[in-house]
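Feature annotations, reproduced from Swiss-Prot:
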- 1-14: compositional bias 'Basic residues' (COMPBIAS)
- 1-81: region 'Disordered' (REGION)
- 178-418: domain 'CP-type G' (DOMAIN)
- 225-228, 367-374, 411-415: GTP binding site (BINDING)
- 544-607: region 'Disordered' (REGION)
- 550-585: compositional bias 'Acidic residues' (COMPBIAS)
Amino acid sequence: MPRKKPFSVKQKKKQLQDKRERKRGLQDGLRSSSNSRSGSRERREEQTDTSDGESVTHHIRRLNQQPSQGLGPRGYDPNRYRLHFERDSREEVERRKRAAREQVLQPVSAEVLELDIREVYQPGSVLDFPRRPPWSYEMSKEQLMSQEERSFQEYLGKIHGAYTSEKLSYFEHNLETWRQLWRVLEMSDIVLLITDIRHPVVNFPPALYEYVTGELGLALVLVLNKVDLAPPALVVAWKHYFHQCYPQLHIVLFTSFPRDTRTPQEPGGVLKKNRRRGKGWTRALGPEQLLRACEAITVGKVDLSSWREKIARDVAGASWGNVSGEEEEEEDGPAVLVEQLTDSAMEPTGPSRERYKDGVVTIGCIGFPNVGKSSLINGLVGRKVVSVSRTPGHTRYFQTYFLTPSVKLCDCPGLIFPSLLPRQLQVLAGIYPIAQIQEPYTSVGYLASRIPVQALLHLRHPEAEDPSAEHPWCAWDICEAWAEKRGYKTAKAARNDVYRAANSLLRLAVDGRLSLCFYPPGYSEQRGTWESHPETAELVLSQGRVGPAGDEEEEEEEELSSSCEEEGEEDRDADEEGEGDEDTPTSDPGSCLTARNPYALLGEDEC
């Protein structure tokens, strides 16, 4: 055994300093993470297992990973359907932080908000989704799974070989979640693709449309959800855009909380927060449109009269509740059969499955995380039967719901398809869990360059001595100003907690309280045409007919700055489940509003 060498106090001190530097990743001398809790968050992430032994990408980040010592008593793995994204390198994260500190924000023109689906997904390229490889009944389960894993790795290899990580968006790297999509498509007679009306192009992969309508020969219904969050003219413009690009689509406008047309609205105004008491699922706008679309698709092959009768009962019950001033209990109404399929039920079926078997139409619900799939199912049922959350990836396993004896709904976990979208836009779309973001500042800058965040929140520049003087803003300045206004401080040094402030701003955007809507190509030039379009007036009237009566709802309004106090506590933890908060906009002095409660839906925690 070699003789021990003396180790001085000075050497020990130097050793500890070097160890801290390595853990914090501060070899370049940048200590930006010391101003917030992001440093400790990133250090914890470095200690987790982030590699996938067989994956083409060497760094996979498993979001919302739960500690588990093995399978549960029923063989359930809590991490089976977790979101798997490619991890950003530390160099890339630090580069974005420097840009957030140095890059001066400039407002963009309205044309920049126009999104063309051909630029986002590039139809015909390798930006496809994984298909289930050919199989036969002679194959064992192990052989089938091994073949699927090899095919999936080849799929990832093609994408990462054609595009660099900087160009690619976040997309799902978890094969188990894609298997859920395969099963839903195999079971379904009709496929619903749910999108968020604020950015429907983000949630509409053309490869899925071609596969469903072409290879499978199924009808695809595009649901433009949350239409209460966008101006009616923009909703109509998006509807016509998709009809023109994809003529085989059946398009349905949907929202679980229609707005009242008696109050005007201006997108991007200062918002207030409402607290709804009771439930409002029976006031959903869109179930009847979806019924008509399914009737046109089935052409009498399935008896949907029970569904029509249910919609009539829901409308009558909502009207009766408004007159009496009472709300129904969640347990009232006919029972809804809920099934959670096991692995044996998830095994593939034959390619020639019988359509409308036993007189039942199976409707598969597919969409990105946070587009409102679970809220849509609750709106169709008429009460809460599905747990909802604003955390992406909340729906973790395959479930079926019998809406009526002849109508079955299949809920698929949210899937992120590969695209060329900016990752900052994906964060603002609610695709990436905000509590898990390593670097939120560039997303705040992306938002602030498209809507006047500083003016809406009445922020004062951190370096401004004279409030009336003009100062250039960067993303870091906005976060620091919001932290100062909200009182977000670090634990020991009491510095402004910019990381927490950035998370808070992103939550306001995802919840719809800072409204950012994107436009179809050419909308800026034709805005007046769409505002005077007959369908725009019809949409306003339809929302007014089913919208809530203001005299029957008890609301507690709070100013934006004070209502964020509760959110400050939520920022410390991961997003919570539950329902109850709704947001109502109010404008700055002199601005004009067009709708009451246009941000109501995002008060419900979305999945």
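Each Cβ is built from the backbone N, Cα and C atoms, and glycine gets one as well.
Keep in mind that what you see is a predicted model, and the values were worked out from it rather than measured.
Cβ neighbour count for Asp411 (GTP binding site): 24 (other Cβ atoms within 10 Å of its Cβ, all protein chains included). The DSSP secondary structure for Gly414 (GTP binding site) is coil. Cβ neighbour count for Asn225 (GTP binding site): 30 (other Cβ atoms within 10 Å of its Cβ, all protein chains included). The average pLDDT the prediction assigns to the domain 'CP-type G' (178-418) is 78.
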